[in-house]
Amino acid sequence: MSPTAGENILLKAEALSVYYGNSLAVKDVYLEVPKNKIVAFIGPSGCGKSTILRCFNRMNDLINGCRVQGRITFHDQEINDGRVDAVELRSRIGMVFQKPNPFPKSIYENIAYGARINGYQGDMDELVEKSLRQAALWDEVKDKLKDSGLALSGGQQQRLCIARTVAVQPEVILMDEPCSALDPISTLAIEELMQTLKEQYTIIIVTHNMQQASRTSDYTAFFNARATEGGGKMGYLVEFDTTEKIFDSPDQEATADYVSGRFG
């Protein structure tokens, strides 16, 4: 039985493979992402976690020589169909990157800019406040909205990037190691925020932090890599299941070894 049986599936990958030029980077991934859940991608460096993550909003389209095979469906629609507009897709499936990357604009404009480009016609002040509240940042910045977003601390900048993402009203938030550059207190703030956000959004997070995956996610996908001829690596999905099962009683020995710290 599928680990997501009975869930409302929002995103699905089937026979998903990614090539860089002629090199196969990730092979034959199958997984389902349920709505309003947090899915963690874990695994050693070079196993394709971030590559697969970027497939879900077609960020790999921007990488020269990158080619995707297989199917990804969002609301049962194939996202690589020529009729799907990639820019519109990215407004529905937003992304938060590893390093906080606020625009060199005011805190207010960091939120308003993307919403304006996406045609938002409502009360902008209201949207800015709502987005900052959703990112648990409003109380810290409400009196300095005209200040540069770059003047904030690293943890605040990352929450500003999350606020910027939710301002365009996506359904899914992709997070590529969002806490790797943050201190433990800022990391905890992001993790607590994720639990609140999943009430309205579906979240996929790539993380190297086993404790973070076990604390925050509902489902976990463990990726590994094997060496290829020519000295490269090919990533593949070892196991996908509920986070409880992955960490407590995984089916694959490699998964047990990784989550227990015996390799990685």
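Keep in mind that glycine also has a Cβ here, set from the backbone N, Cα and C atoms.
Quick look at what Swiss-Prot lists:
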| type | residues | note |
| --- | --- | --- |
| DOMAIN | 11-250 | domain 'ABC transporter' |
| BINDING | GLY43, PRO44, SER45, GLY46, CYS47, GLY48, LYS49, SER50 | ATP binding site |
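Highest local Cβ density among the binding-site residues SER45, SER50 belongs to SER50, counted as other Cβ atoms within 10 Å over all protein chains shown. Of the chain residues outside the ATP site list GLY43, PRO44, SER45, GLY46, CYS47, GLY48, LYS49, SER50, PHE223, ALA225, GLY235 have their Cβ within 8 Å of the site's Cβ mean position. Least crowded of the binding-site residues (GLY43, PRO44, GLY48), judged by neighbouring Cβ atoms within 10 Å of its own Cβ: PRO44.
In sequence order, VAL26, PHE223, ASN224, ALA225, LYS233, GLY235, TYR236 are the residues of the chain that are 6 or more apart from CYS47 (ATP binding site) and have a CB within less than 8 Å of its CB. Every protein chain considered, the tally of other Cβ atoms within 10 Å of the Cβ of GLY46 (ATP binding site) stands at 16. When averaged over the domain 'ABC transporter' (11-250), pLDDT in the model lands at 95. Of all the Cβ atoms in the protein chains shown, 28 others lie within 10 Å of the Cβ of LYS49 (ATP binding site).
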